[in-house]
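> From Swiss-Prot, here are the annotated features:
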BINDING   GLY13, ALA14, GLY15, LYS16, SER17, THR18, SER173, LYS174, LEU175, ASP176  GTP binding site
SITE      ASN72  site 'Stabilizes the phosphate intermediate'
Amino acid sequence: MSRVGLLVLGPAGAGKSTFCNSIISHMQTIGRRAHIVNLDPAAEPSKYEFTIDIRDLISLDDVMEELDLGPNGALIYCFEYLMKNLDWLDEEIGDYNDEYLIFDCPGQIELYTHIPVLPNIVRHLQGQLNFNLCATYLLEAPFVIDSSKFFSGALSAMSAMILLELPHINVLSKLDMIKDEYGKKKLKRFLNPDAMLLANEADQNLNPKFHHLNQCIANLVDDFGMVQFLPLEANNPESVATILSYVDDVTQWAEAQEQKEPKDQIDIEDL
């Protein structure tokens, strides 16, 4: 059985920790073992205990207090310290060969755009520890239901996809917060979006000088295949199971077992 890791990425407030807890709960229900690896030195308490916690090595509050750094500077310092002490991470991971490790990552995008911290950790996990990795990038549905904000979120997800060079699954989280307010037809347009159509909608509320920029961004999103998001309701077991089936497929978990293909289409009516 493969050594599998799932990186949970996305901006602050996207529901990453809730998603991690939902995956753990679902796996316990179906008899699979998984552990959460907390890579956020500023993490809040979780429903499930972290099996591995970066705060046992270094914490954001301690760095801010001792070095008089702001939150972002302290976060970067924490990860630079982790990179110098990867033997600690190796020892903590130990022999989790037959179980999922779910890496709950911080929301600051600069950790993989401005400095190569997360990409270096990914390479270490793949090269030294022989992990099959998959990245999930969460965007919250109440935020991206606006066309212009959708493109902002899609570009941040694309940055993660390109810089981490991992199999990549985009997730539209907190769908339960808006599915009663917006019609199914409108929600489907964001799960399987027509980038050019959304760009035209965004143009209606912008100065005409930005129209060409919108079209270029839409073309970029289309070219990189950022055309589908999986819907997530964290309290809906079927929603969580569908996303897990995609993760299993791209990581080739338990190749010896009978493979179950993920759904070809995501239907909002199933939620």
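Positions of Cβ are set from backbone N, Cα and C atoms, glycine also.
From a predicted model like this one, the values you see are computed outputs, not experimental measurements.
Each of these features: where is it, how hidden is it, and who are its neighbours?
DSSP assigns GLY15 (GTP binding site) to coil in the three-state reduction, placing it in neither a helix nor a strand.
ASN72 (site 'Stabilizes the phosphate intermediate') has a Cβ environment of 12 other Cβ atoms inside 10 Å.
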> Using Cβ-Cβ distances, find the residues under 8 Å from SER173 (GTP binding site) that belong to the same chain and are at least 6 apart in sequence, listing them in sequence order.
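Result: GLY10, ALA14, GLY15, THR18, PHE19, LEU138, LEU139, GLU140, ALA141, LEU232, ALA234.
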> Please work out the number of neighbouring Cβ atoms within 10 Å of the Cβ of LEU175 (GTP binding site), leaving out its own Cβ.
26
> Can you check which residue among the binding-site residues GLY13, GLY15 has the largest number of Cβ atoms within 10 Å of its own?
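Of the binding-site residues GLY13, GLY15, the highest Cβ count within 10 Å belongs to GLY15.
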